[in-house]
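Q: Below you'll find the structure I mean.
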């Protein structure tokens, strides 16, 4: 939810500032309202999870060792990076310490998770690979995007390199569909849209680092656009399951592609790309509006928004002492 809302704030800021969409005459108020709503939502979710850490630490510990849930430990930091990127006033006016504070947890998680992918027996990538792993990648690209916009140089390139190297490995692993990979239940199929998040954000990051939407940025953007089209036509992959919070996985990637398209349209500046930018932005807005309305309906009318989380449930029994020590050693 936080990722979807924060990227919407960034989308409307981009629609307002880019010359390719200047004809829309987007008012800054839209960005202000969405940004403050995103800040409030992120604060509420963060406080709620902090209380869970305090009172149900064992559940949090088990989530950290779950092949799907562990990737969402990156989400709050990515959402905060998007919030800083979408802040109503210019990004370069923000002190660099904000970027360092937000990227430090991502770097720590990178070292932990990527190390497990490479060397850990039960948690090596060939065993735990699933589309939600893209969250463990995209934070590096968002950090590179924001850092370069704030005037930093070397560290954004550092994080971009880390993200790109591991994105290639993850992309190939997921495409192979190895029999040892984690098989997602149907209720989690919306996370397949995370496939388009990493290359779309990476294209924006490289454009920001290089100072223009050059061939490298275009290459990454075209990858995300093709993946977008290949997922949209596979209707059967995303039907036949009830609404859940996993549907928010549609919002963040779709909005990221829309933002990248607006930036690309500013570079090539033709009618076709302007139409595509407006079209994808419209789809992103309609998607998050529909998901938000459905979330409110299930939360306050049907009151069934938080059923038993069977699809990614964690075990109820406490692990044996020997297994706890094994996790600590790994």
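In case you wondered, yes, glycine gets a Cβ from its N, Cα and C as well.
Note that the coordinates shown come from a computational prediction; the quantities given were computed from them, not determined experimentally.
Just lifted these from TrEMBL, have a look:
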- 33-56: transmembrane segment (TRANSMEM)
- 68-85: transmembrane segment (TRANSMEM)
- 97-114: transmembrane segment (TRANSMEM)
- 135-152: transmembrane segment (TRANSMEM)
- 158-176: transmembrane segment (TRANSMEM)
- 188-207: transmembrane segment (TRANSMEM)
- 219-238: transmembrane segment (TRANSMEM)
- 245-265: transmembrane segment (TRANSMEM)
- 271-297: transmembrane segment (TRANSMEM)
Q: Which residues of the chain, 6 or more past the ends of the transmembrane segment (68-85), have a CB below 8 A from one of its CBs?
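A: Beyond its ends, the transmembrane segment (68-85) has Cβ neighbours at 2-3, 6-7, 9-10, 35, 38-39, 42, 45-46, 49, 91, 94, 98-99, 102-103, 105-106, 109, 113, 130, 132-136, 138-139, 142-143, 145-146, 149, 182, 184, 188, 312, 314.
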Q: Short question: most Cβ pairs under 8 Å with the transmembrane segment (245-265), which of 33-56, 97-114, 135-152, 188-207, 219-238?
A: 188-207
Q: At a C-beta cut-off of under 8 Å, are there same-chain residues at least 6 beyond the transmembrane segment (219-238) that contact it? List them, or none.
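A: That would be 189-190, 192-193, 195-200, 202-203, 206, 213, 254, 256-257, 260-261, 264.
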